[in-house]
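As recorded in Swiss-Prot, the features of this protein are as follows:
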type	residues	note
DOMAIN	23-345	domain 'G-alpha'
REGION	26-39	region 'G1 motif'
REGION	164-172	region 'G2 motif'
REGION	187-196	region 'G3 motif'
REGION	315-320	region 'G5 motif'
């Protein structure tokens, strides 16, 4: 009788484990460097957990300041390389001052002098001209977000808002894991560093992943790649997508494509033609047509079109409402494919 009881218990445990496994969703976030993966992770914390506490926000102050200072420095350095002059010659003194103050600044402190220097530089017409040519050098996406708001963030009492935190940029190294529950599912999301050297470390770790969310920065189409400057970033991203989408490890994994930074793309497409990236493109440089073309370029890489569907969404990872809406749709796809596997659909 004890044996029978024990065997019943084992059965029950196995069944519970099975149910738990069917409710556990492993999501892998992939994509080239700076495509928005970590921003999506931050949004999950804001949408599905309680967001960032005041204490956590305070800790981001250091990053906000360093992102802001690094951005203005990058623009000033590029002015030299691109031979752009200041609109007002007095700004040259401010630029020298910037380097001195930035190198001696205490972490997480923005002195009124430094804030004043940054504000005067940012408002200079030469600096703005250089900023508008940022595709020719490396500049943080959030540069104008912080620099235009320097007065607010330089105040002594400043505490970063959720949006300020979303905009911070810190290179992801290693694997960042986040857990949350949504629609009765237990999500485990893995954010993997996008820079190339990181890739070989993780590709085999993720058998049994429910879905891959692959992020692409639409606005990268006119940029050069940071790591080796040889290949356009969009082509680099397509190459990575090709290797993931057609990878033997991921034959049964749902692939969800986030064509991200749609806001920056929409802003750029009117002044930087898509032919920079796709010389054969003959459509118009409107957001709809150009975005649809990029979507086809990625979806056409799928070599198993008859058996594998790619679920594409246009996203703006810094926009909480948009991410919430898209993630809701993604979850429905996951629930549906889970039910199909269990034969319940």
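Glycine is treated like the rest: Cβ placed from N, Cα and C.
The structure displayed is predicted, hence computed values, not measured ones.
For the region 'G3 motif' (187-196), the model's average pLDDT works out to 77. Taking H, G and I as helix, E and B as strand and the rest as coil, DSSP gives the region 'G5 motif' (315-320) the counts 1 helix, 0 strand, 5 coil.
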